[in-house]
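K.L.:
Once you've had a glance at the structure underneath, I'll fire off some questions.
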Amino acid sequence: MTDMTSKNLTLPYFKLDKPDLKRVDRGKIFGKTENIAELAQFLQRRNEPQYLYWDEVKHKETPHGFTSEEAWFLIKQFRTIVSRDTPIKSEKGDYFKWIRLSYVDEFLHKIDVSSGGQVFTSMDVLSDSNKQKFISRGILEEAIASSQLEGAHTTRQAAKKMIVEKREPRNKDEQMILNNYNTIFKIDEVYKNQPLSKELLFELHRMLTEKTIKREEQGRLRKNSDGIVVQDQIGSQEYITHIPPAEKFVKEEIEKLIDYANDADDNKFLHPIIKAIFLHFWFGYLHPFTDGNGRLARSLFYWYLLRKNYWTFMYLPISLTIKKAPIQYAMAYIYSEQDAYDATYFFDFHIRKIMQALNDFNEYVSRKISENKEIDKIISTNLHLTDRQKHLLHYLASGSNTHTTITSHAILSSISRQTAAKDIKELEKVGLVLGEREGKYIKYRATKKLLEALSGN
């Protein structure tokens, strides 16, 4: 289970397998470096398209005449030369380093020149109301996935139902998800306009951990006596994967993180997306609270980008793509900490997950547009349905017990309850949905007329 904070000190500590580079004959290596072009291509392949560690490099082809250990020595030398420092300091005093991989610049440029919006291939054909609906979906998916990364044992369907029906959480797992959902909304509506401070960090922490941890653990930095470690499942074994720094170090470095987040050093510009990734990593490394650190680290990522007007990230539930690769997420932290403080591993992982989230979202939007066209072909065009109503009809026809309520339609579409009621009543009037009272709710389902129309009968 990735990103779990624990007090279990009995687990083994996970250590990376490393070759003994002291045994490598350096003079012998440099005597083999006559074919510079071959070596340059080799080094490029081991950094891109994926930034590889020894556990994979040792199984790859090496330059002619080189052992795997000698090839790894060359890779490490090259990375040391081209890397640059981050402001992230390790507890031992070394600064984490990173390499600006070449593939990243094209992606960042694509986002910047379009002000973010045009990176979505099909968004220009959608109405403003549907764009808002996709933002609501993004927030919901992020809240669920980010909580599941930290151990919330609740299905996506159950969590979604709880939020859209405004039902009270039934357990700690559902409470985690609701807290995350409320926090992301508050970041977008309020906190993105505020500079980061220790007080704001404490407030975000209180929101994220409401009713899930003891009150005395909320809004305060952890102490050494708390005995907090991070545990993850690597393969079939559970390990301690990170022992957070001592409280004295955390108190000193959290102030530097806050200054960094507030762009206190204006002389050193760094692209906001890269900086947001470093904030995510830095907070995760410090692990300043007894619980909720992963959720807060990912929340800071969104806070910084929204503060820099990268509004398109509200569409992208990054944690959803991370959740599909939890071991890779854990290993990105482990590689970065245990391989000479090389944060490029985490940077590379995170950028790729952003790119994947963008591709997934574009596919999702294209699918929804196709569904709307399908509805248009089948249902009389004189009904003048909105895209929002078409989405709803397709959703209701997608499952045997699929239903909606006015409240859930309002939340998912990010519209007022009055507008949601109007949407549904219009569909009910033309016989496409039917409402039935079940307890305190009126649940609306697809009618036989709609289902037969969509099935072609």
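Placement of Cβ uses the backbone N, Cα and C atoms for every residue, glycine included.
Where the annotation comes from TrEMBL, it is an automatic prediction and has not been curated.
Pulled the feature table from TrEMBL, pasting it below:
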ACT_SITE  His287  active site
BINDING   Asp291, Gly292, Asn293, Gly294, Arg295, Leu296, Ala297, Arg298  ATP binding site
DOMAIN    196-352  domain 'Fido'
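Give me the local environment of each listed feature.
P.N.:
The number of other CB atoms found within 10 A of the CB of Gly292 (ATP binding site), across every protein chain shown, is 27.
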K.L.:
How big is the Cα-to-Cα gap, in Å, between Gly294 (ATP binding site) and His287 (active site)?
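P.N.:
That separation, Cα to Cα, works out to 8 Å.
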K.L.:
Within 10 Å of the Cβ of Leu296 (ATP binding site), how many other Cβ atoms can you find? Include all protein chains, please.
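P.N.:
Other Cβ atoms within 10 Å of Leu296 (ATP binding site): 26.
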K.L.:
Is it possible to get the count of other C-beta atoms within 10 angstroms of the C-beta of Asn293 (ATP binding site)?
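P.N.:
Other Cβ atoms found within 10 Å: 24.
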K.L.:
Looking only at DSSP and grouping its letters into three states, which state does Asn293 (ATP binding site) belong to?
P.N.:
helix
K.L.:
Long-range same-chain neighbours of Arg298 (ATP binding site), Cβ under 8 Å, sequence gap at least 6?
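P.N.:
Long-range Cβ contacts: Glu142, Ser146, His280, Ile318, Ser319.
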K.L.:
For His287 (active site), list the number of other Cβ atoms lying within 10 Å of its Cβ atom.
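P.N.:
Other Cβ atoms within 10 Å of His287 (active site): 22.
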